[in-house]
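**Student:** If you scroll down you'll find the structure; I have some questions about it.
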Amino acid sequence: IDAATCNVDAINEVNNRLQPTLDDLLQTTFFRYFKVKLDRECPFWDEHMLCTQRDCSVEPAPDGEIPKALVNRLSAVDFSLSNQALRAPDASCDDFGPHDYCLVESRGEREGVYVNLLKNVERYTGYQGPSAERVWNAIYDENCFHFLGTPETSPANPSLSTLAGATSDLSSACLEKRVFYRLVSGMHASISTHLCHQMLNTTSGEWYFDRACYASRVADFPERVTNIRFTYLLLLRAVEKIAPMLTRGTFVTGDMDDKPQVERLMRAVLDTTRQCPATFDERLMFVADARSGFQMAQAQATAAAAASTSAEEFKAHFRNISQIMDCVGCEKCRLWGKLQVMGLGTALKILFEFQEEAPNGGGNAADPDAVPEHMALTRSEIVALFNTLGRFSSSLRVGHQYRQEMAKQAACDVA
């Protein structure tokens with residue numbers, strides 16, 4: 001799939017091994033809490049919290065629930081490749097750092113709430129209609145690039161039913177545009193999977209898997225399923241790339257029993273990702289040659305400049321998507337949208353801004369622990385990255401189980 005090379009069987013095998021351990025990791029104190037600002041104004045249009053249903057609201061973690069050590073070091077955790085503490089909590093404001101692909105929640109935030117993700121599960125809330133469609137339209141419209149020499153635009157106001165499935169117009173597009181689209185479509189399809197898998201029966205009050213919903217939104221569109229797999233592989237590659245950092249990192253939780261558990265589970269997750277076949281090859285991106293669409297770049301310097309321009313435009317479009325999340329009119333949808341866009345943005349930052357660490361773990365000969373400042377991540381970025389990987393892992397499991405059920409049903413019908 002473009003820059004991803006795993007086949008379906010390999011993806012399912014890896015996910016079957018990874019998911020139980022990853023689920024346990026995400027339940028630990030370190031990974032269950034996420035600080036987020038949910039009342040930031042939409043920068044693109046007037047938007048209000050239109051979803052007033054109970055399931056739209058987010059339940060903030062009460063005072064005293066979060067360990068003080070975790071709160072005090074929320075954005076200053078020993079998590080850099082150099083084993084040094086990260087930026088202080090007031091190091092920057094809401095704007096983007098030069099290497100950021102998204103707004104980093106909690107960086108420089110004096111406001112915001114701490115959310116226990118286990119108590120605010122991503123599921124159906126009833127949020128739909130014009131407000132939701134406007135958000136998705138705006139997200140897909142970000143797949144409009146100018147670095148090929150002429151603007152490429154999306155269809156005007158495409159319907160939500162066709163947004164995530166139509167890719168015929170991308171067949172001749174450059175790799176960067178196809179990758180961007182697959183990420184957006186994969187996120188859309190994965191979110192739809194979670195909503196259909198956790199649908200509310202308004203009569204009984206119970207949550208159930210609405211298979212008809214899943215079929216109409218995801219399963220009946222093979223391209224959407226493919227894009228979930230593609231995005232999952234990209235996330236896996238990002239985790240694999242920073243495995244040395246995660247192995248050396250200090251997980252500050254304030255819970256003496258939780259810290260060794262986090263480190264043990266993290267090692268198990270990383271061991272699984274290391275055993276994974278080739279996933280995503282970021283080296284194919286932003287290469288100044290004809291395959292990437294830079295036919296007009298004759299001189300090497302011009303080609304390099306064109307590649308740099310495309311990379312910056314790719315980054316700018318994804319930053320816009322992170323800001324569009326402030327236009328979601330449902331609080332819980334906004335929470336999970338922000339988290340997953342931040343998780344994907346963190347993965348992109350790792351893939352395209354971080355250098356591969358040398359096998360001996362050294363940054364340079366003079367000082368093995370010295371690395372550029374941008375090759376460091378906040379705790380919130382790590383939490384978002386792994387929770388996003390968990391969301392896509394869950395989507396793959398749901399899809400696999402659904403296909404098995406359909407195969408059994410088909411066999412019974414034949415018999």
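Cβ atoms here come from the backbone N, Cα and C positions, even for glycine.
Because the structure is a prediction, the values reported are computed rather than measured.
This is the feature table in TrEMBL:
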- C330: active site, nucleophile (ACT_SITE)
- C333: active site (ACT_SITE)
- R123, T125, W136, S185, H188, R217: FAD binding site (BINDING)
- C51-C56: disulfide bond (DISULFID)
- C93-C102: disulfide bond (DISULFID)
- C330-C333: disulfide bond (DISULFID)
**Student:** Could you check what DSSP calls R217 (FAD binding site) once collapsed to helix, strand or coil?
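**Tutor:** Where R217 (FAD binding site) sits, the three-state DSSP reduction gives helix.
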**Student:** Looking at the binding-site residues R123, T125, S185, whose Cα is closest in space to that of the residue listed as 'active site, nucleophile'?
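**Tutor:** Closest candidate to the residue listed as 'active site, nucleophile', judged by Cα separation, is T125.
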**Student:** Of C56, C102, C333, which is closest to W136 (FAD binding site) if I measure between C-alpha atoms? They're all recorded positions.
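**Tutor:** Going through C56, C102, C333 one by one, the Cα closest to that of W136 (FAD binding site) is C333.
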**Student:** Give the sequence-ordered list of residues that share a chain with R123 (FAD binding site), lie 6 or more positions from it, and have CB atoms under 8 Å from its CB.
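**Tutor:** Result: D55, H194, L195, H197, Q198, M199, L200, W207.
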**Student:** Taking Cα atoms as reference points, rank the recorded positions C56, C102, C333 by distance from T125 (FAD binding site) and give the first.
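**Tutor:** Comparing Cα positions, the closest of these recorded positions turns out to be C56.
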**Student:** Which residues does R217 (FAD binding site) neighbour through Cβ under 8 Å, counting only same-chain ones at least six apart?
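**Tutor:** Set apart from R217 (FAD binding site) by at least 6 residues yet with Cβ under 8 Å, we have A189, S192, T193, C196, R224.
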**Student:** How many Å lie between the Cα of C56 (disulfide bond) and the Cα of S185 (FAD binding site)?
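**Tutor:** If we compare the Cα positions of C56 (disulfide bond) and S185 (FAD binding site), the gap is 23 Å.
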**Student:** Mind checking which of C56, C330, C333 has the fewest other CB atoms within 10 A of its CB? They're the recorded positions.
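**Tutor:** Ranked by other Cβ atoms within 10 Å, the recorded positions C56, C330, C333 bottom out at C56.
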**Student:** Among all the protein chains here, how many other CB atoms are within 10 A of the CB of S185 (FAD binding site)?
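**Tutor:** Its Cβ has 27 other Cβ atoms within 10 Å.
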